[in-house]
C-alpha cells in the first residue's frame, strides 16, 4: 500500500468531514469509482462534481489546499472572538459563514489562495498529470540582468487557472454575495501571484558567479496569511450596482454616496457588517465564545474582558509535575527531583 497516497487521501477525507477511509493509492480511488467518491463529497456544485469525477487526483490536492487555507485562517484569528469557525454544513471549503462580512471575505480569499498554491506545488513536484514546470521560463537569457531561466519554475498560471475553474464553479446564484465571493476568490489568487519568489544559483570557477540561473518558486503560505490579514484589516465595504433591465447585480462599487468607484483587484470586500461573534447564532453562523480560553491580563482581543463579551470567565487550576534537577551519580544512575507548578487557566462563561 502506498503510504504517501494513503496519507493524502486521509487529509482529503478529514478536510471534508468524512470517515477516514484506509484505502491505498490512486488506483484504489479508481477501483472504488470516482463518481461514487465525488457524489459523497458534500457541498459541491454540479460543475465541481464533474471535475472531481474526471480528475480525482486533482480533487485530493484541492482538499489539501482548502485545508491549508483553513489552518492558516485559524492561525491568523486564533486570539479573536471569531477564530475562523462557523456553524452549518461542512463542505470541501469548511463550514461557511452565512453573513457577507469581512470574515467571510478573508475565508474565501485564503481558501482560494490555498487551492491555487496546492495545485501549483503539485504540478512542480510532478504529482499531477497535465502539468509540470513552467515551460515558458526555460532557457531564455536576460542579458541586462545577467541571468537566464533554469531549473523548474512553478507554473503559477496553470495553478491559478485550474483553481479558478474549480473554486469559482460553486458560485451559481446571481446576487450580491456571489459577486463578493468571486471578487475575494480572485483577490486571494492575485495576491498569491504577486508574492511569487525568484530564486537563483551562481555557476563559475572557485565560487565565482560567471553565469546565473533563476527560477520562480511559491511563497511560504504563512507569508500569504499575513498579507491577507492586513487586507482583512483594510477590507472595503461595497454594494451591488444593478442592471436597470433585469435588476440583477452586475458589479460591486465602494459604498459611498455619489460614487461608482470599484474596489481594487487585491482588496477584500464585504457587503454586510460583522456580528460581534459573542453568542452562538445559526442565522449568522457564529459559534460564540462560550468555553473559549482567554488571557486574564491581556488588553487585546484575547483578553477575558473582550473575548467573553462581559459575561465573565471561569478559573481552572491544575498542577503540572515533571522531573527536574537531574544528576548523574557514579556509578551508574541518574537521580532527579520532582518539581511541580500550579497553573491557572481561564475560559469564558
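Residue numbers in this text run from 1 along the chain shown.
The backbone N, Cα and C atoms fix where each Cβ goes, and this holds for glycine too.
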Response to the item:
The residue range that Swiss-Prot labels region 'Disordered linker', out of 180-208, 209-237, 238-266, is 238-266
Discussion item. Of the recorded positions 83, 84, 152, 200, which one has its Cα closest to the Cα of residue 336 (disulfide bond)?
Written reply: 83
Worksheet item: Hey, of 84, 127, 326, 331, 339, 348, which of those recorded positions are within 10 Å of residue 309 (disulfide bond), Cα to Cα?
Response: 348
Worksheet, complete the sentence: What DSSP reports for the region 'Disordered linker' (238-266) is 0 helix, 11 strand, 18 coil
Worksheet entry | Inter-residue Cα distance where the pair is residue 324 (disulfide bond) and residue 200 (disulfide bond), in Å | 48
Practice prompt. List the residues of the same chain that sit at least 6 positions away from residue 304 (disulfide bond) in sequence and have their Cβ under 8 Å from its Cβ, in sequence order, or write 'none'.
Written response: 294, 295, 296, 298, 313, 346, 348
